[in-house]
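Here the structure is laid out as structure tokens; the discussion comes afterwards.
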Amino acid sequence: SLSAGLDLPGRFLFATLTLMTLIAILVFIEEAVYIYRKIPSSKRSIIIWINAAAPVISTTSCIGMWVPRSTMFTDFTAGIFFAIVIHKFLMMMIKECGGQKVLLRRFENGRFTISTGPCCCCCLCLPRVPITRQTLFWLKLGTFQFAVFRPVLIFLSIVLWSNGNYVLYNLSPKGPELWISCFIGALTLCALWAVGIMFRKVRILLKCKNIIPKFALYQFIVILNQLQTTIINIFATQKVIPCAPPLSSRARGSYIAQQLLIMEMFLITVISRVVYRRKYHDLEPLGCAAEEPEDKKQPP
């Protein structure tokens, strides 16, 4: 633990961030109880999983901040949890449309636009794919593979790390960490691509269910937890972030990433409570158009 070597401002910062983490956990617990009581059982567990992403990442970052040697395990725990949440978010969009059978009936003659981010946003020449049971299967497989293979690769990384063969954010092509990271990155892009394809199709239909703010919160978690942390730690590994004794460059970069995540996930937890707290009606067979005026009149 680093608490013994902290000065007064440092202790105040650590105490404030720890308090923010505890508040985020309490907000999530209160929200989970509300969801359990008010949301239909078919959607209950999926929405709780998605709402748990921010407080879980905040908790793992707080543990890593107080116990520096646990950073490897806390980062990997957050990574495994987030891989599951990506799949849950895709399933939530299908559930909000009424389930797979209802979704296929709603978009009976529709097509998926696959020229979307993060993989093919510039490939406008790609054909539009018919919405069938098979294409839905491939979209679900795109996120499910990430939820399965990322924990396996993370377990392999921990085994190699315990043997001294794995170093986080080491860019040397001779080590396994670069190749494992590239493979995880490719799996991540495929999973995010599947979610993006589905969102682009259902965002108008589910506008009355606030799917756009929900997707924005999900995107923020992706960017902050994956991209921001990776960039900071690569900068620290390459000595761009200077050392500040007794902290090395790598340790300082890890602390910066963890402290930023705690504050950011706290805000996302509070905003998620507002977005997911609202009660929504089920979609009518003809879509959301007739429902939107009534929905706008309801107070949040």
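Heads up, the Cβ atoms here are built off N, Cα and C, so glycines get one too.
Curation does not apply to TrEMBL; its annotations are automatic.
Lifted from TrEMBL, the feature list:
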- 12-34: transmembrane segment (TRANSMEM)
- 46-67: transmembrane segment (TRANSMEM)
- 73-91: transmembrane segment (TRANSMEM)
- 137-158: transmembrane segment (TRANSMEM)
- 178-199: transmembrane segment (TRANSMEM)
- 211-236: transmembrane segment (TRANSMEM)
- 256-276: transmembrane segment (TRANSMEM)
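Long-range contacts of the transmembrane segment (178-199) within the same chain, counting only residues at least 6 positions beyond its ends with a Cβ under 8 Å from a Cβ of the stretch, are 83, 86-87, 89-90, 93-94, 112-114, 116-120, 138-140, 142-143, 145-146, 149-150, 153, 156-157, 166, 170-172, 211, 215, 218, 222, 226. Beyond the ends of the transmembrane segment (137-158), by six or more residues, the same chain brings 72-73, 76, 79-80, 83-84, 86-87, 89-91, 94, 112, 166, 176-177, 180, 183-184, 187-188, 190-191, 193-195, 197-198 to within a C-beta distance below 8 angstroms of the stretch. For the transmembrane segment (12-34), same-chain residues at least 6 beyond its ends with a Cβ under 8 Å from one of its own Cβ atoms are 3, 6, 48, 51-52, 54-55, 58-59, 61-62, 65-66, 259, 262-263, 265-266, 269-270, 272-273, 276-277.
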